[in-house]
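Comments concern the structure below.
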Amino acid sequence: MPADTMEKPTASPIAGAPANSAQTPDKPKSASEHRKSSKPIMEKRRRARINESLGQLKTLILDALKKDSSRHSKLEKADILEMTVKHLRNLQRVQMTAALTSDPSVLGKYRAGFNECTNEVTRFLSTCEGVNTEVRTRLLGHLSSCLGQIVAMNYQQPPSSQQPLHVQLPSSTPAPMPISCKVNPAEAISPKVFQGGFQLVPATDGQFAFLIPNPAYTSSPGPVIPLYANANVTSPGGRQSQSPVQGLTTFGHKMPHMAQAVSPLGGSTGADSAESVWRPW
């Protein structure tokens, strides 16, 4: 083959390829860049939570205040929060009043705590040099006035559902001393023994009487003193006289003034009254 017809060497396609054909991997994002990219998403979620909670709070506060939700459909967020704060303060006052009524010791604890706080404020104002004298005087005067109002507070006890029963304790004197007791009529159907040894006995005419052991006669076999449910009972003749509850008598030895008290109208003798009495045993 002649030399002029020889093929010229050609460049290889692989060798002629660019050198930057290989792609480099992406660099990982830093923590600050991640926070910046996720901040709008987190802000959107936070606002959604706030709006949802305010919507639920609006429904609850309108139901608690018994207001029509259709008339308050466009309440602002500030209005909802203000209504909630006022409602919670009212609930706190009611709970405090109920606690003071049911437990009087709570008022004493509150007074002690308020007095301690007043002393701390007084001590701080007396040692602090940057407080104006006028402001210090006004503040201490206000706290002293509030403390005086708290000390003067008197909470009335709730009225008792029990019905008062007036009974009399017979003695040697002609005018017995009335005693006021609290007895629930629903619980006085049958004889009951209470703490202290006294017994409540219902009579046949619907009245009640107490049997209280007399400590002056401890040597005798258990004498008791009857107490009368009604101090004055109108006799058939129209005059008023002391009338005992039927069926009451003394145990053991009889006493002279007790024998007179057992007589229904004061005209019968002690023997007649002893025969006509009703003995519960």
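Quick reminder: no glycine exception, Cβ is built from N, Cα and C everywhere.
Among the features that Swiss-Prot reports, compositional bias 'Basic and acidic residues' is placed at 26-35.
Applying DSSP to the domain 'bHLH' (34-91) sorts its residues as follows: 46 helix, 0 strand, 12 coil. Sequence annotations record features per position, and here Swiss-Prot assigns domain 'bHLH' to 34-91.
What Swiss-Prot lists as domain 'Orange' is 110-143. Residue counts for the domain 'Orange' (110-143) under DSSP, helix first, then strand, then coil, are 29 helix, 0 strand, 5 coil.
As annotated by Swiss-Prot, region 'Disordered' applies to 1-44 (among others).
According to Swiss-Prot, the feature region 'Disordered' maps to 262-281 (among others).
In the predicted model, the motif 'WRPW motif' (278-281) has a mean pLDDT of 65. Per Swiss-Prot, motif 'WRPW motif' is recorded for 278-281.
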